[in-house]
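Some features that TrEMBL has for this protein:
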- 122-129, 205-209, 269-272: GTP binding site (BINDING)
- 290-303: domain 'SRP54-type proteins GTP-binding' (DOMAIN)
Amino acid sequence: MGFWSNLKERRQVKKTQKKHIKEHKNTLTFSNDIKKLSKKYKNADNDFFEELENVLVKTDMGMKMVLEVSNRVQKKVKPKHTFNDVKEILVEELYDAYNDSGKYNTKLNWVDGRLNIFVMVGVNGVGKTTSIAKIANYFSTLNKKVLIAAADTFRAGAVEQLEEWCTKRLNGVDLIKGNSSDPASVVFDGVKKGLENNYDLLLIDTAGRLQNKEHLMKELEKMTKIVKKSVVDGPHERLLVIDAQTGQNGVNQAKAFSEATNVSGIVLTKMDGTSKGGIAIAIKDILNIPVKLIGFGEKVEDIKEFDLDDYIWELTSDFMEEDLDKNE
């Protein structure tokens with residue numbers, strides 16, 4: 001049974017998420033562009049596929065993946081087929097392009113009963129501090145004990161921003177900061193406090209100074225060594241925060257950071273204000289790094305763990321919901 005058929009069966013389960021989809025469907029223009037093609041073309045001919053590729057390019061999934069998805073669809077679709085035939089195949093091929101036959105793991109490396117350590121990286125302005133606060137709140141609402149280590153000691157205001165989050169907007173989330181400008185000492189103190197006080201999660205903020213990749217690499221390596229002295233299998237995640245609105249620039253950032261450290265997952269922010277939802281597919285295709293969390297609004301609750309089914313649903317929500325409604 002294909003993704004489209006599974007999606008129809010799961011519709012009742014997804015009704016709680018439908019409101020969220022409707023709130024953001026106008027910002028993801030992919031569905032609307034596909035619907036325009038359906039009105040323009042009665043058959044899936046060469047002109048149709050040329051315009052389909054242009055639509056896919058606009059999502060910023062990358063030209064290599066655009067051509068791959070288009071070729072996959074063309075192999076299954078006959079020229080006489082209508083748009084209704086094409087869209088089911090298109091959605092399933094988008095899913096398969098990301099999924100690698102079901103072997104791709106997008107889940108956070110979380111284990112109950114240990115100090116889980118997540119190192120957060122990313123350039124300034126992508127929403128890293130806000131993402132840290134959202135992740136902290138997410139686990140705090142699950143009754144997990146959360147500690148944030150303010151190890152971005154170079155950016156003016158970074159520590160103050162985290163202090164404001166912890167004191168005014170987050171409930172039960174603690175912050176540790178240093179008296180010096182040495183981020184490694186903050187990490188050391190954070191790990192020590194996390195272990196001694198039985199925290200479930202330590203979130204480590206870092207400086208995102210990509211202009212000096214060698215220095216960044218050494219700094220992150222030093223932090224990793226400090227963590228491993230006390231927690232041998234840590235850090236458990238190295239999460240790179242990327243602004244979805246930056247499109248291919250975000251892919252370039254992911255590539256640069258992956259050269260500086262072993263990035264284990266992506267936090268994709270500002271998904272509520274972009275038509276470039278294909279960036280998740282591009283990052284996975286080019287760098288084989290999974291998106292693990294998605295931020296989609298300004299509220300502290302506006303973050304969720306990445307779910308491939310939900311992602312494809314939202315990316316294609318307009319024409320998928322249209323078809324599903326006809327069958328209800």
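Including glycine, each Cβ sits where the backbone N, Cα and C put it.
Nobody curates TrEMBL annotations by hand; they come from automatic prediction.
The Cβ neighbour count for Arg209 (GTP binding site), using a 10 Å radius over every protein chain in view, is 15. DSSP assigns Met271 (GTP binding site) to a helix. For the binding-site residues given as Gly122, Gly125, Lys128, Met271, the lowest number of other CB atoms within 10 Å of the residue's CB is seen at Gly125.
Same-chain residues at least 6 positions away in sequence with a Cβ under 8 Å from that of Thr206 (GTP binding site) are, in sequence order, Val119, Met120, Val121, Ala151, Asp152, Pro183, Glu219, Leu220, Met223.
Per DSSP, the secondary structure of the domain 'SRP54-type proteins GTP-binding' (290-303) breaks down as 0 helix, 6 strand, 8 coil. Over the domain 'SRP54-type proteins GTP-binding' (290-303) the predicted model carries a mean pLDDT of 92. In the three-state DSSP classification, Arg209 (GTP binding site) falls within coil.
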